[in-house]
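The repeat 'WD' annotation in TrEMBL covers 349-381, 472-513. Per TrEMBL, the feature coiled coil maps to 667-745, 830-917, 953-1015, 1069-1135. The region 'Disordered' annotation in TrEMBL covers 1135-1172, 1185-1206. The compositional bias 'Basic and acidic residues' feature in TrEMBL is assigned to 1160-1172.
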Amino acid sequence: MAQDASAAGGPAITLAHRHVFGLKADVKNNIHYAEETQLIYPAGTNAILWLADQKQQKFFSGNEGAEGITCLAVNATKRYLAVAEKCPEGAIVTIFDLVTAKKRKTLSFSESDAPEFVSVAFSSDNKFLLTQTGASPSGKHDWTLIYWMWDKARPMASIKVSNQQNSPIRECSFNPTDSSIVCVIGDGIFKFMQLKDGFKTLPVAPAKMQSFLCHSWLSDDKMIVCCENGDIMLFDNSGEFQTVLSSSPGEPRSATCAISFSKGFVTGGDDGFIRVFEKSDDPKEVYRNTKSIQLEGGVTGAGVRSLALSPSEELLAVSTSTAQLYQLSLLGQDLLKAEESPVFEPVLTPFHTGAILGMDVCTRKPLVVTCGADKSVRVWNYVEKTCELCKFFNEEAYSVAFHPSGFHLIIGFSDKLRLMNLLMEDMRTYKDIPIKACREVRFSNGGQYFAAVNVNAIQVYNTYTCETVEKLTGHTNKVRSVAWTADDSMLVSTGADGAVYEYSVLSEGRRASSDFVWKNTSFSSVIVYTDPATGGNTMYVVGSDKMLREVCGGQTQNVLQANTTLGQIVLSNSAKSLFASVAEPDAPAPIRVYKFPLDGYYNEFSCHSAPATRIRITFDDYYLFSCGEDGCLFVFDVKKKDRVVSKRDKENALPPADEILVTRTFLDDKQGQLIELERQVDELSNQIEFQLRHRESYHKEEMVELEEKYTAEIDQERTKYELLREEKNDAEMEAEENIKSLAELHAKQTQDLEGSFQNKMMIEVGRYQKLAAERESIHRFWESEHQQLMGKHHKQVADMQRDFEENQTSDKNVIDRINEEKSLAEDVHQETMRQLEQDTDREIEELKEDKEARLKAEKDDKVKLRGQSGIHKRNHEELKRQMQRKEEELRQYQEEARKKQEKIDQLQKERDHNVKEIKQRDTTIGDKEGRIYDLKKQNQELEKFKFVLDYKIKELKAQIDPKNDSIAEMKKQIQAMDADLEDYHRKNTQLQVNIVQLQNRQRSLQEDIVSQRKKMTDCQTVIKRFKTDLHECVQFIQEPKLLKDSVTALYKKYVPNGVKKQELDSDIQREYNRQRDYLEKSVESLKKKLLKDSDVHRQDNTRILQENVSLIREINDLRREIDYLKRERQQQRLHVSKLKGASQKGSTTSVSQTLPDPATTREAEGNKNRIDELRKRIEEQMSLRETYVADNQNTSAVLPSELSEG
């Protein structure tokens, strides 16, 4: 449901599926038996359970968002139904319970994006489900086989089963004797796989890999596989190939489906034949073809799609490619031995093949008529759920209309529009109207008129005289829908031109002034509602814009966003609900129920698997009908929440008419047949009376013979009875003697058993006391050991708590858990021992008292003593088993104590290891702290050096930054100049191209003006001459003969060669070719110039870039030299300061050393000169660029003036 309408304000009307006529033929395994009289098949987006004995259907609706059913499967017990549906988000399978009609599980495989399942199968034990996906959009999950435990919705395994060519898979199934083995067949694919920690492929292969179509498991643990070339292969239970059946059809696609039965199997193919194979005793021919039956009388294209056999194997159901459902009865006639071919009967009724194009409903009768692409017209009874009449024509029928009386039909064929009488067993034409391919025809509500669409016009006829009443025009495109008002005074139409027009039939077809036109929209359906209070008409239209519009007075009053394409709409006669059918291409078509007046709320009900074509409702609003391109006709019960029909209303309601039309010839034939049948009845009555008298005499004679025979037999039986009674008495006496002897023997054996039992009891009591003492000693030993272990454990825990504080919480939890387990074990053990001792003592005392009482009271009762003996033996065995259990529990306690001791030892070792590791880490930490102390000292020294170096770096940066800023400014200027230069080049090129184009255009326009002026002068001259001649012809207006001659002469004079198709002038063609050549040459020259300019520009950029790189490199060299000189000068200054205060000679020497070297001075001066030269070169380049920019500006200023002058 796209929008919830169950809240307040939602529609008060709901739809319930009543019946569907049709079958979805493209579903895999689309027919199954649930019971002997219950058949399952798909129709639209629903799975249908047909109850033949009740003539009812149960509907299993599909999931929301699904695009249709792809395959079906029913389990072996006929309890569950699996429905696979196509879904864009991923294929889904829904499991339904056929008994409760409820949904059990919905399965979807999240790891695959395949939109559909091509095959589904249940295992023989009904626990598992096998699904085979198709191709996936991503190509990563193509043809994946999934093994499900369906009751838990859990996939157990999955595998891709296709080959390297990604061939399609056709079917999958379980081995009926081993659910872990599955079989998959396809185009060149035959695989057996077993589920063991995932799928494992078994090493099996047929004799030859080919295209396999279907397979079936036989009753004798064998399997047949049908190939596309018509061969049928036989395999054993493990998949080993045995043979190719010699009785195989051998024709291509002659076995596309197969099903097994107790004596063999049945196959069906695209050739329309059903072949029955029965097991043979001949080892060379394991199965032989015993019967071949053809469907539908050999109709071309009718292939078998699926087969189903009833549980009793009395009925065979067949679905065909023409969407038909047949059933063959195997009871009452031996199918395998019958010489005549049996007749296939439709399961319900014959259905449409292909799309249903037209539909209409009758007012006075419970009938609905449809026409389809299969060239048939069918009349259905929706109350009896039958097809009343079906007739095939030579032409395709596009539309149909039903007269309110139920006696007349109008059918729009491809060549004409036919008016037909609906007779009892036929449709007979009584009028043909020449309207071709009429796709919309409607009777008025009273039936006195009907409107038929003729392309973009509407013709209104009188029903009883077939005379044209009006021809309504105005549409510019095809009319797609018409509707009558309630009083038949107005007709509303809409079409592909997006217009909605309102015509007055009573006013000569005048169109109302309030037209509504919505451009770029194609409307598909229109309805009209007349307000009883105001009398105004309101139209509702739907179309390709996915809107539901309310139009009144030529204006849109209300618009509802439908979010999908609505194809047809219909308004209930009570004006409380509006029904719409979805017609989205290649998508399912549900039915929507809108509340009326429209408020946006609606309910949605699943229906067709293809776009809907027509929708209608009965006059009493009880039934809704919908048909679509899937060939299905759906009948819905319209249920109203506030509908209360009183007994008086039911009595006053007009019942459906039961009158029929028949011809006089038909009545005469029926009267003749009636007279002939009466004569045959008289003859048969006389014949039967004679036979009865003859049989009565014969039966009397037989009765006498039988009485004599039975009397003799009774005497013989009496004699036998006496003999048997004497033998019985002898046997009774012998049996009494045997019983006495057996009683004595038994009494003796009882005494012996009592003595042996007493001895055994004493021995068992002693053993029990000994075992109890051993148990006490073991228990005391275990207690002491346990206390010692606990003491040691507590001490170790205390040590561990001191040493390992960070693990205290976890160790405490472990200890608490161990203590709880210990106390629980002690309590359980003590309670068990106490109960065991009490039970044992009580049982011993009870046994003693019981035995003494029984020995005194019932010594002669053998049966009870034996029973007591057995009871004591069982008690003894029970005591033994209890002792063994206690010993086992003791061993378990000892094992737990050993494990706890091992755990304590392990914890002790971990503690020692942790202590050792802590000591090692302390040593490492001490070493690292000493290393850190040394590094801190080094860091302090380095900080001092860093302070000195930072000061030096600041001085150097202060000297370098101004030069860097100037270099960066120069780079920016160079880049800006390059961008300006490129812009000017581009503008100049574009302006030159524009100049050339404008000049060429001006030249061509001038030439066109000259030629057109010349042509206009010539035409004016011819027109003047023609006017003069025409004036002379007018003089003969009163004389037809002379007028005709003069007009003929005028035609010959001015049209000597007839009207010729205007051809293009050769001068224009030459001019066009010349201009095209010129433009092509211009384009080539511009391209060459552009390439040349781009090369020059690239070279200039490269040269400038190289110069910039060289300049930067020289600047960097100069910087390095300056830095070197500064360092030398600093060293010299330091050296001078050290030698300060020395002798005069020494000071003179130091001063001479500090003086700059002449070579260094010359080098510095040379560097300065080079820097000045570089600056000059940069200034020259900048001046050149400024000059170039100024020239370009002058050029751009001159060009517009030249263009304006041109």
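Glycine residues also receive a Cβ, built from the backbone N, Cα and C atoms like all the rest.
No curator has checked TrEMBL annotations; they are predicted automatically.
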Helix-strand-coil residue split for the repeat 'WD' (472-513), DSSP-based: 0 helix, 21 strand, 21 coil
Listed stretch, out of 667-745, 830-917, 1069-1135, that has the most CB pairs under 8 angstroms to the coiled coil (953-1015): 1069-1135
Positions on the same chain near the repeat 'WD' (349-381), where near means CB under 8 A and six or more residues out: 21-23, 322-325, 387-406, 409, 411-412, 422, 427, 439, 442-443, 610, 613-614, 616-619, 625, 627-633, 656-657
DSSP residue counts for the repeat 'WD' (349-381), split into helix, strand and coil: 0 helix, 18 strand, 15 coil
Arithmetic mean of per-residue pLDDT over the coiled coil (667-745): 88
